[in-house]
Amino acid sequence: MNMLRKPLPATFRINASCQFYQDICSQLENDFRKSLETEVSDEHEEDAIRPLPWYPGNLAWHLNFSRMQLRRNQALEGFHEFLKRENEVGNITRQEAVSMVPPLFLNVQPDHHILDMCAAPGSKTFQLLEMIHQSTKPGMLPNALVVANDVDVQRCNLLIHQTKRMCTANLIVTNHEAQNFPGCNLAKFSSETCTDESKLQRLEFDRVLCDVPCSGDGTVRKAPDMWRKWNAGMGNGLHRLQVEIAMRGIGLLKVGGRIVYSTCSMNPVENEAVVAEILRRCGDSVELLDVSNELPELVRRPGLSTWKVRDRGSWFGTHEDVPRYRKNVISPSMFPSGKGTMDSHVAIGSVEINTDVIDADMKDSTNMVEGEQETKTASDDVNNGGDPNTEETSKLESNEVPNDSDKKSNSTSIRTEHSNFPLHRCMRIVPHDQNSGAFFIAVLQKISPINENQEAELIKGEHNISKDRAEKLEKGLGSDKVPHKENTVQQQGVDDGNVMDEQQNGDVDNETSNGKSSEEAKVIVNEAENDQAGPRDRRRKPQNQGRWRGVDPVIFFKDEATIRSIVSFYGIKDTFPLEGHLVTRNPDAGHVKRIYYVSKSVQEVLELNVKVGERLKITSLGLKIFERQSSKDGSPCTFRLSSEGLPLLLPYITKQILYASAIDFQHLLQYRTIKFPDFVDAKFGEEASALLPGCCVVVLWEGHQNIDSIAMDPSAIAIVCWKGKTNLCVMVSPLDGKELLERICLRYGLKIPKADDVKPSMKIDGSDEQPDLSTEAVDPEAVPESKASDMEIADAKEVE
């Protein structure tokens, strides 16, 4: 409790795939670590900043300051500005330490297909992207793929904003309910028969990260408001959804693949109970792994094998002890044994109790529990914003106990159960072990295809237990809603990775799916989310509008004339694959503004998605590589290079490329527009003047380097510029330009210019030759319009 009352220390992670990660490590070790020593205030901490000992490569750092201290302490202002700037450009990610742990246990390899089921706000997704790009050579892309999914459109915007800093062609962002993530099986959803075994037949994943929505009691140090909202019953309302998401993840997992289930909660109902239910449903097909030998310096505690469930002021050790009127809310899977009773009466000891006796007991016990601050009625929870069992549950309570729905029982079950599963292999990270937040992690491996018959029996039993609840729902008590999730599955079936594969291939509309078997998911679609699917009558749709209303389709760019013009203008080598790798989001081929590049792994998924009827709702993908640019200079090429795509394309460019000395490169970044005669190196100015008008690339040249090999050097620094009639103009956002300027000055011992000396780009001599650079910083196709403020986005980056 003492530790929980202290603010959470800030932590961040260095992006090992960024160009300057060694410079940043050196700056932390040699500069900030020494200069901040005098600011240490915690008697338990000796260092102001230090690497986290359990994170590989000393890439994660722990600060002896909370986020509030960083903002308010004047002595820390310079360090705080450093963190904000490096985070914004993608060199570091500010993230809670325990939140970095789950991806490490995935054991990601360079060729893995990875699914992040509940990805927003995106810190873990960014971490996964770092892993697959870490050992990539310049101009090369990994074979791996990351699919980042989230149910909420606005949270998807934050996810896109976060991952855009990575500049990756190996990411797909989707917008689906995690428990209903669509299966893309060519055999089920396409009439054509594909005999080419080299083509992707079915979307499966080598690794799945299942960081599910939870009650969040492990975040009380970071979010003190949780002290007011939290109560012990909050996890009960999320248990079922957590099981469904985890089961869907296992269904999408390849045999031999690994899935990590995690929460930021310490509630066993959300943790060990979910893992036990997964093992119960999957039988010998899934194994809970012992990973005690991985990350040995990470202090963790074993999972629990016995626990009780708290509900409305009472603790229950077995499902039999739960009053009958609560059995529809408190399910057997919440308990260690997972066993329940189908009887209409509740057996407690040798006495049978009916609902009338329960009502009387509740009246007698009410006086005993009045004034207890730790217990709340369901109506109180709703009013306080901490609803543990959802609005629908509250309605059920009021119907099942008409006169006493707002009263509580303080009875406590004496009996306890022990789970037969090896739940000690789960990991519990507690705050007072390593001065962190709290987290729960379980690592599972899929040994064989799921036993369909066994799973069907388990689902049938669960369906019988909640039959009364389902009947009341159908009578108009409201849809089964779960906090943070707008839609939910009423039945869950598994067909070895195809829970949803039995749905129709057509669009999902606002009607409830009726008459489906237990192996078909019954989905209630909220009317507020009707933009997730278009009407069945497509006669009014433009030809290329796509399946998902409100989301631009993904279209392969095949304009041969434009592609030839780009290749010729920049002298792109034939070894750079373009065919099938260029996509756009504009259905009107004549007005394409941006062209994105996708990796081979993403290309295969896109082709499969088209064949199965666009089952994936893709909100963002690919790396922006070319952008349409109009100018009055008469440039032969209408598309300029994008700064995001330059590192990938640089080794293959043979034309429109210049090599500048450190001083001229510094001046370009500092003044942003320079006339040709004003460069320090006159030869460089002449070479720039001789280029064709339009976009060009300027590479930093140290003088002793072989020009032919600079582009293949991982440390090569290059920027996109515009060659006008009389000058050279930088086409880099001011933020990126400032960061790059400081890095170059530090590396080459140059004087860092003051903020007043760094001038924005401006027109020279009244010329109109300057291109419009506004689209460089804002990409409406890549990042859909969001209502979130800058402060909300900044805070969301650190929220898990």
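In case you wondered, yes, glycine gets a Cβ from its N, Cα and C as well.
Automatic prediction, not curation, is the source of TrEMBL annotations.
Taken from TrEMBL as is:
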- Cys264: active site, nucleophile (ACT_SITE)
- Cys118, Ala119, Ala120, Pro121, Gly122, Ser123, Lys124, Asp150, Asp211: S-adenosyl-L-methionine binding site (BINDING)
- 392-409: compositional bias 'Basic and acidic residues' (COMPBIAS)
- 476-487: compositional bias 'Basic and acidic residues' (COMPBIAS)
- 501-516: compositional bias 'Polar residues' (COMPBIAS)
- 757-766: compositional bias 'Basic and acidic residues' (COMPBIAS)
- 787-800: compositional bias 'Basic and acidic residues' (COMPBIAS)
- 1-447: domain 'SAM-dependent MTase RsmB/NOP-type' (DOMAIN)
- 367-417: region 'Disordered' (REGION)
- 476-546: region 'Disordered' (REGION)
- 757-800: region 'Disordered' (REGION)
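Per-residue confidence over the domain 'SAM-dependent MTase RsmB/NOP-type' (1-447) averages out at a pLDDT of 82. Neighbours of Asp211 (S-adenosyl-L-methionine binding site), defined as other CB atoms within 10 A of its CB across all chains, total 24.
Separation of the C-alpha atoms of Lys124 (S-adenosyl-L-methionine binding site) and the residue listed as 'active site, nucleophile': 13 Å, rounded to the nearest whole number. Cys118 (S-adenosyl-L-methionine binding site) sits 13 Å from Cys264 (active site, nucleophile), counting Cα to Cα.
Recorded residues the residue listed as 'active site, nucleophile' and Gly122 (S-adenosyl-L-methionine binding site) have their alpha carbons 15 Å apart, per Cα-Cα distance. By neighbour count, meaning other C-beta atoms within 10 Å, the densest spot among the recorded positions Ala120, Gly122, Cys264 is Gly122.
Lys124 (S-adenosyl-L-methionine binding site) is surrounded by 27 other CB atoms, counting those within 10 A of its CB over all protein chains shown. Between the two most distant C-alpha atoms of the annotated S-adenosyl-L-methionine binders (Cys118, Ala119, Ala120, Pro121, Gly122, Ser123, Lys124, Asp150, Asp211) there are 13 Å.
In the shown protein chains, 25 other C-beta atoms lie within 10 A of the C-beta of Cys118 (S-adenosyl-L-methionine binding site).
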